[in-house]
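Let me begin by presenting the structure, written as structure tokens, before commenting on it.
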Amino acid sequence: MGFRTLRGDSLGVAISGASSAAFLLFGYDNGVFAGIINADSFRSQFGYPSSSMTGTIVAVYNLGCFLGCMIASQSGRKMGRRQTIIVSQWICVLGTILQCTAFTIPHIIVGTIPKWVSETCKANRRGALVAFQLAIVSGGILIAYWLDYGMLYATGQVVWRFPVAFQAIFSIATIGMVHFLPESPRLLYDKGLITEGDEVLCRLKDLPLEHPVLQKERAEIFAAIELEHNQPKMTLKKLLFEESELKLLRRVIIGVSCQCIQQLTGIAVVIGYLPYVAHNEIGLSENLAQIMGGIGAIIYLLASFPPMYFVERFGRRKCLMGGSAAMTLCWFLLIIFLAHGEKKNNKGLLYAGIVMMYIYQIAFAFSWLSVPWIYPPELTPLNVRHIGAATATSAEWLTAFLVQEVTPIAVTSIGCKYYIVFTCVCLVSIPIVYLYFPETSGKSLEEIDMIFSSGSLHHPGSLGSMDEIFISNKRDKEEEEEKPTVEKME
């Protein structure tokens, strides 16, 4: 039975498989250069690049993600999800060919930028689904680390060219599956292709069109499309300069802050440079440094699954604040261990520093890994969601570029003192989340609107106090409605 005849759960599994291949690519691309930037064959090929050039080679990936975010926000709706993903994956293949055949630094950088254009084209999921997809990303990082390690036993330029070329496997697998899978029914309905949309919806649910369950979902999709079309058009100029009772600009700023803080907590240093730091700062051999990175990737993957449960169970705020507190402690202890270990040539303290990096990865995976991708879309109403999501995601990629660009230079120049920056960011993020980030878990759009229209700049309460704001506003509204009736009776 081919992909085109799949229905119901089987079709859902096929779509999940295509999505997983794409997210594995995302993770693999995050980790692949971490293991090869120390390889002698890589460094000799490119003239033993300086720490600043090493940072650019690794960090330019994030500029590609930024461009992908901008392009996808414009092309995704016009081309459709399937076509956008197929085209972008072919761009990935082209970028991979340019990279694995590179003989100069400009060649490998130019190859990196276009191949990441597709990374932000995927639909933005929330809650447990986001946590699951990011766990798949962690799986891609794991594959990258251990493939890099295995290639250390080879000789010549295949040590780094093969891991780079291997990226194409994920792109080709995604293209092969997506090509035979249906377009989103919502997008088809939105374009006026009602018959095609009905056919896809029937396949997804494995139900006849007249079935009550399918009719209900169909009606909800049409209602959502109508609501979206009836929303007043929002431009960036209106968002910035027009005062709104719903505090739209404040919502976008909170979303942008959330994704910037995610990168400024230092995750890019641990994921992208753990073997580099272990080799160049702690003094481990290239082989052992790569093993340390691979162990970290296993820990990160395992820690990525529990958030599927408690990101909804405990709410966004508690996850973020708890994670920040744990990460602050990890960075603080890491600095102490590395500083004293280097000073006293104490290998035990240096290895303890690596353990702190592992614990940091667990704390990050439990908190700041998934929530910043869930939170911004939950904050913004439909008419500004495209601006809010694009702005927040773009800010995240630019911040990641800054961190990865600076890291090799900072590690070479000031060593572990560089990590004081991340310690301070993690610490300061706790009161920022407590004071300014409202809880959105389990909240409807109306409830979130009530929170922001209450007039309070701060949101220092728990989930309970957010409910109290909503209930209080609702009670005031009911009293206003009852007042004319009472006056009339008198």
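In case you wondered, yes, glycine gets a Cβ from its N, Cα and C as well.
The domain 'Major facilitator superfamily (MFS) profile' annotation in TrEMBL covers 1-441.
Marked as transmembrane segment by TrEMBL: 50-73 (among others).
According to TrEMBL, the transmembrane segment annotation covers 85-109 (among others).
Summarising the annotation, TrEMBL assigns transmembrane segment to 129-147 (among others). Among residues of the same chain six or more beyond the transmembrane segment (129-147), those with a C-beta under 8 A of the stretch's C-beta atoms are 19-20, 23-32, 34-35, 163, 166, 170, 271, 275, 290, 293-294, 296-298, 300-301, 304-305, 307-308, 311, 365, 369-370, 373-374.
Per TrEMBL, transmembrane segment is recorded for 159-181 (among others).
Positions annotated as transmembrane segment by TrEMBL: 252-276 (among others).
Residues annotated as transmembrane segment in TrEMBL: 288-308 (among others). For the transmembrane segment (288-308), same-chain residues at least 6 beyond its ends with a Cβ under 8 Å from one of its own Cβ atoms are 31, 34-35, 38, 128, 131-132, 134-135, 137-139, 141-142, 144-146, 148-149, 152, 270-271, 274-276, 278-279, 282, 319, 354, 357-358, 361-362, 365-367, 369-370.
Long-range contacts of the transmembrane segment (320-338) within the same chain: residues 258, 265-266, 281-282, 349-350, 352-353, 356-357, 359-360, 363-364, 366-368, 371, 415-417, 419-420, 422-423, 426-427, 429-430, 433-434, 437, each at least 6 residues beyond the stretch ends and with a Cβ under 8 Å from a Cβ of the stretch. According to TrEMBL, the feature transmembrane segment maps to 320-338 (among others).
Under the heading transmembrane segment, TrEMBL lists 350-375 (among others). Nonlocal intrachain contacts for the transmembrane segment (350-375), taken as residues 6+ away from its ends with a CB within less than 8 angstroms of a stretch CB, comprise 124, 126-127, 130-131, 134, 138, 254-255, 258-259, 261-262, 265-267, 270-271, 274, 278, 282-283, 292, 295-296, 299-300, 303-304, 306-307, 310-311, 316, 319-320, 322-324, 326-327, 330-331, 333-334, 337-338, 341-342, 392, 396, 416, 437, 440.
Here TrEMBL flags 418-437 (among others) as transmembrane segment.
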Sort out the residues at least 6 away from either end of the transmembrane segment (418-437), same chain, that have Cβ-Cβ distances under 8 Å to it, and list them.
254, 257-258, 261, 264-266, 269, 316-317, 320-321, 324-325, 327-328, 331-332, 334-335, 338, 375, 407, 410-411, 457-460
